[in-house]
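What TrEMBL records for this protein:
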DOMAIN    4-89  domain 'Ig-like'
DOMAIN    94-181  domain 'Ig-like'
DOMAIN    199-284  domain 'Ig-like'
DOMAIN    289-371  domain 'Ig-like'
DOMAIN    377-463  domain 'Ig-like'
DOMAIN    468-562  domain 'Ig-like'
DOMAIN    569-668  domain 'Fibronectin type-III'
DOMAIN    673-770  domain 'Fibronectin type-III'
DOMAIN    775-868  domain 'Fibronectin type-III'
Amino acid sequence: EEQPVDTIYPEESPEAKITMNCRARANPPATYKWRLDSRDIDMDADDHYSFVGGNLVISNPVKNKHVGMYSCVATNDYGAIISREASVQFGYLDFFSSEERQSVRVKEGQGAVLLCAPPPHYPAELSFRWMLNEFPIFIQLDKRRFVSQTTGNLYISKVDASDSGNYSCFVSSPSISKSVFSKFIPLVPLAERPIKKYPADLKVTFPDTTALVGQNITLECFALGNPIPVIRWRKLDGQLPSTHELGMSGAHLHLNNVQFEDAGTYQCEAMNSKGKDYHSARVSVEAYPEWVDHINSTEKAIDSDYTMSCVASGKPKPYVRWLKNGTLHDVPWIPPCLLMKFTGLTFEDSGMYQCIAENHHGVIYANAELRVIACAPTFEHNPVKRVLGAKNSRVVIKCQPKAAPKPSFSWSKGTELLSNSTRMFIWEDGSLEILNVTLADEGRYTCFAKNDRGKANSTGSLSITEATKITLAPSNADVTVGESARMQCAASHDSSLDITFIWSLDGHVIDLHKDRQHYERTPNGSSNGELLIKNTQLKHAGRYSCTAQTPLDNVTASAQLVVRGPPGPPGGLRVTDITDKSVRLQWSCGADNHSPISKYTIQYRDSFSKDVWKDATTSPEVIEGNVETATVVDLFPWTEYEFRVIATNTLGTGDPSTPSAEVLTLEAVPVVAPSDISGGGGTSRELTITWTPVQPQYYSGPNFGYIVAFKPHDGSEWWRVTVADPEARRYVHKNASISPSTEFEVKVKAFNSKGEGPFSHTAIIYSAQDAPSEAPTRVEGKALSATEAIVWWLPISHSHVDGYQVKYWKKQDDSEGGAHRVAVPGKGNHTRLEGMKPDSHYLIEIRAYNAAGYGPPSPHFQIYTKKAPPSQPPRIIGKKLKGHLVNIAWEHVEPLWNESSIDGYKVNIVLFLSHLKFCSLAKLFAYLRTIDLPVPREGDFVVEVRATSEGGDGAVAQIHITGNSHNPSCTLVA
């Protein structure tokens, strides 16, 4: 009832013991012993071992003594039985090497692989994550970054500047609950402009894999490349299993609950605009042993014959062996059914038998007790019973005494001894069979049993009832999908018996509760079993059988239901005659469902819209219902397609066929040219040409790119340049001989490995301007406060000026690195400078700019900012009411040595009235240090007082005043 299980003991476990469980159901109770590698364990010779019940406890286990395969043997007076074998292994996960890891330097846009190299460990199963810079910051995996759960390596499809950092491989062993991490590996992205693009390159691939039935497995594929490659999966010899799932942005293919039909060759494809890469490997499916037939405990009579059977399935086919009382049994077994035969059983054949089926995936056990008995016949536990029989039916009266060896049987009716006849038979097991029973067969029947150890008899009775008959049989019916149908059924039966009606469709019993959406029994008396079929579907067509059944007999009547509806899916879809723009399809018609097929529709989906099926253009344009082939036209060259066919009749459109295998149309010369040809601008002596790239479905073949042609407007010879990147949007031609703002004609066309396509329309663009060649003059300015200044200048005469840049910085910093910059667009000739430091010496330069760059700077102009405004607020020394006025007074502010002199004071009044705020301002001379203010009629107000100077306004002092409702005036006195 409890068996040992495989155990992994962590070498660093704080619990210094291993417990192997064993418990058997036995009467009398069992005694136990244990085996290690098929040898009995001597409990006295090793004090590490002890018993707790039937469990084996290993204290302070030692690796070189206690590793191995353990089994438990349970024994009592009736036999012995052995448990399954279970392994004990010691688990460990060493630390990573303390050696420093070398830096990995990779150009931006290239892929990177950081090797994990996990330390020695057992068992093999590990999980991997990667830390970035510190614990516990783990990198988030996405379509650009991937961690292989096979090797632990970190893969980055294309490196960018944000990947810079220190990486550590974090390894966990779930079996022993331990984790370790490696030394940090510095990853240094190297800037490269422009960033190059690279074709998809598969770096993580899956090997040939063996899976077990019912198991979940994961196949890995990941590619480096720029742009980031897209991973796609397919099964080369069929459809992907319906239970498959994709994970890790497509890098994982999960096959769940694997079955034998999932075996085959699987392929992953990595693709980006620069190229494709493929990998294929085989998935084989095998199976753990499983019992098809196995032994069960039984009692058998002495001297009888008996056959034990054990049949196991599995892949590879299991090897089966037999044990009796825990040891190999020497009675020959008979392949292939694995039968063990006994002829003339003896008491010595009693015991515990086991058959063991094993392949390299595992072992299963079947256990049974064979008990050989001898006794005189007895009906104590199973007397002959009273039996009811329907008139004209067959009746069997059983006689099953317990007896060993098997007895001989005889029967009597009343005082009449019965013998075999045309209507009566005595079976070998003692049962009495009577055919076509009538009322005359009613009476009392006695069975006599006799063997060499004694004899016994038992009497029962037989009563006859009226036979059950169908009085109203169901009739054939013909309906259309969605309609309802009624199947009648009524029967007569013996009134002393209950009757039930059972309906079946094509031999399968209908579950009226489970299928109540479509089936309903109409209540119409106990002898009526009419069936209502609602909203009929095609699946409801077939032969309906009504069975009227009593406890004694049953009778059945049947009728056919025809359901007319849309056609079934066509089958056998094949794709032939593949060209660059067309394919030919062939199929076989599906079921017409009793209404002729009127037409077929062909649909397709391509590699650019995998989730959308579209109607295809065909030849002939309308595909008649008697046609089973057609050509699909107007396809894109060098594109992967799947096709399906849908049939239609007068009752509707049916389900689509199974999609065809993916096919690739042939390559062709491109026919679509880039659009939106434009350009211009850039730096001096450059010609910039731009366009909108061609969409991938128009590539028409591999090695796609662009040919850019251009010439001066008055020139005759075209210059041609090849751009190999299919996603490119611009080309910049640099040539010192190009004059500024020169008119050029430009055009662009596509090419691939088959040839060149048509040119786009010709566009007119201009080469880049020259940067301004002169500096602004007559630069002047002045400080406005401690932090602000204004500067102005005389604009330059250059005709192409987009604006001016004003740069200013503190002279004592002796560096322009921290300079402030202000852009003045258009023809502006002045600007305000902010964020300056008080009492500081600033240098200012101005230069003109346009799309080609900046012109030369003006001579430096110097500005000295004012000293800082007073940092101390005025101290309020009085607030007195004088009638309807309030007088506020303050002390004079004394500026510090590095602050501006006081020019006067500002009084700001903020009035709060009905959630509104009103502000007034008064400016006072320096010698005034008091002000009279009217008290407002309602509301509150705040008075703010601050000193003012040439460096700006100083710190503020505030006083809050509450209004007086008796005073209607509200004026400001300065």
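Cβ from N, Cα, C; glycine included.
Between the domain 'Fibronectin type-III' (673-770) and the domain 'Ig-like' (199-284) there are 3 or more Cβ pairs closer than 8 Å, counting only residues 6 or more apart in sequence, so the two stretches are in contact. Counting residues of the domain 'Fibronectin type-III' (775-868) by DSSP class, helix then strand then coil, yields 3 helix, 48 strand, 43 coil. The stretch in closest packing with the domain 'Ig-like' (199-284), judged by the count of Cβ pairs under 8 Å and taken from 377-463, 468-562, 569-668, 775-868, is 569-668. The highest tally of CB pairs under 8 A with the domain 'Ig-like' (289-371), across 4-89, 468-562, 569-668, 775-868, is held by 4-89. At the 8 Å Cβ cutoff, the domain 'Ig-like' (468-562) and the domain 'Fibronectin type-III' (569-668) share at least 3 close pairs (sequence separation 6 or more) and count as touching. Using DSSP to sort the residues of the domain 'Ig-like' (94-181) gives these counts of helix, strand and coil: 3 helix, 35 strand, 50 coil.
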